[in-house]
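Chemist: Grabbed the feature section from TrEMBL, which reads as follows:
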- 166-189: transmembrane segment (TRANSMEM)
- 168-316: domain 'Sodium/calcium exchanger membrane region' (DOMAIN)
- 201-221: transmembrane segment (TRANSMEM)
- 241-260: transmembrane segment (TRANSMEM)
- 272-292: transmembrane segment (TRANSMEM)
- 304-327: transmembrane segment (TRANSMEM)
Amino acid sequence: MEELDALKQDSSQAAYYQSFHGEDNYNVVHPSPLRPSHDPHKMSLFEAANIVIIKHKRLFPAISRFRAAANLIIVINDKRRNFNRRKLQSSFSVRRHSVGSLCATQSFGAYGAKSTPVTAKDLEHWRRVPNPTVEGWLPVIRWCMDAPLHASLFYTIPNCKVKTNLFMLTFFMSVFWTAVFSYIMVWMVTLIGHTFKIPDSIMGITFLAAGTSVPDAYASIHVAKLGQGDMAVSNSIGSNVFDILVGLALPWFVETAIVYPGTTANINSRGLFYAIILLFLSLIVTLILFHYSHWTLNPKLGTALLLTYVIFLILCSALEFNLLGYVNPPTCDD
């Protein structure tokens, strides 16, 4: 308080002092210019006074400059938070209206464009059989292949846009079908690798990893378009941590402790040790690339990360095929 009284006596510091008492003279219709501005493109007198105090080291003591810096950081973070909140509200504003028994939803995209309303006709578009005389036989064959999958998902997963009270059932059924498709994918990848005599570790690093990472990539792209770059990066890193600490630990625990108690799970690849080292090196390279891109997502950073992934695949494949030394014994013929 003594420091504030000293600031009050100095006319050059009056704006900074009055900014602490802006709540008393707050007017909803005509807000005081001394209050922090919520507009990210405007600077209030409060922010300007903090900047002046921070820059003039000879006029203000260290404690005053520290408080001014803290106040300025708080104001900037509030501006960013309010701007992102308004952006998300405008992006996810949903207008629901009913036309008889038909429920339609209309949403606004990240760039302000209206999306097509979701109607019952759109949800059951898969039932329409293509006309071979007009569209040809190829769409008919494709429809015959996709119809069982569409029917299974349509009749087992409720649409939470129409039936909002069944969102938990929609979530658990989606998890169930994800597990089913993952099992089929792993089974097919194992058969393909055994047929062409490709090590399981190579199939896991390439095809299996790419197949299981497609949902994560789609989610990261979606949130990145909404301006949530930190969420996109956290999703990619968090999903890998979950896969390693839970996706590997839980099946091994179930097998060695419940299904076959007292046994151990053996890894049939000695090249995984080098693959883990390459994984840590790729993580370090990722952090360096983020640092040089000033922690922003841009096309150059994406290209550099893709090149890093290609180099990682080449080195791991060379190790598994014993091109960089004798790491794995040859696979059996039977």
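Cβ coordinates are placed from backbone N, Cα and C, and glycine is handled just like the others.
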Chemist: Excluding the flanking five residues on each side, which residues at least 6 beyond the ends of the transmembrane segment (166-189) place their CB within less than 8 Å of a CB in that stretch?
Modeler: 152-153, 156-160, 203-204, 207-208, 211-212, 215
Chemist: Determine which residues of the chain contact the transmembrane segment (241-260) at the Cβ level, with the cut-off under 8 Å and only residues 6 or more beyond its ends counted.
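Modeler: Residues 212 contact the transmembrane segment (241-260) from elsewhere in the chain.
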Chemist: Checking distant contacts: for the transmembrane segment (304-327), what same-chain residues at least six beyond its ends satisfy Cβ-Cβ under 8 A?
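Modeler: Same-chain contacts beyond the flanks: 199, 201-202, 205-206, 269-271, 274-275, 278-279, 282, 285-286, 289.
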Chemist: Please spell out the DSSP helix, strand and coil residue counts for the domain 'Sodium/calcium exchanger membrane region' (168-316).
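Modeler: The counts are 123 helix, 0 strand, 26 coil.
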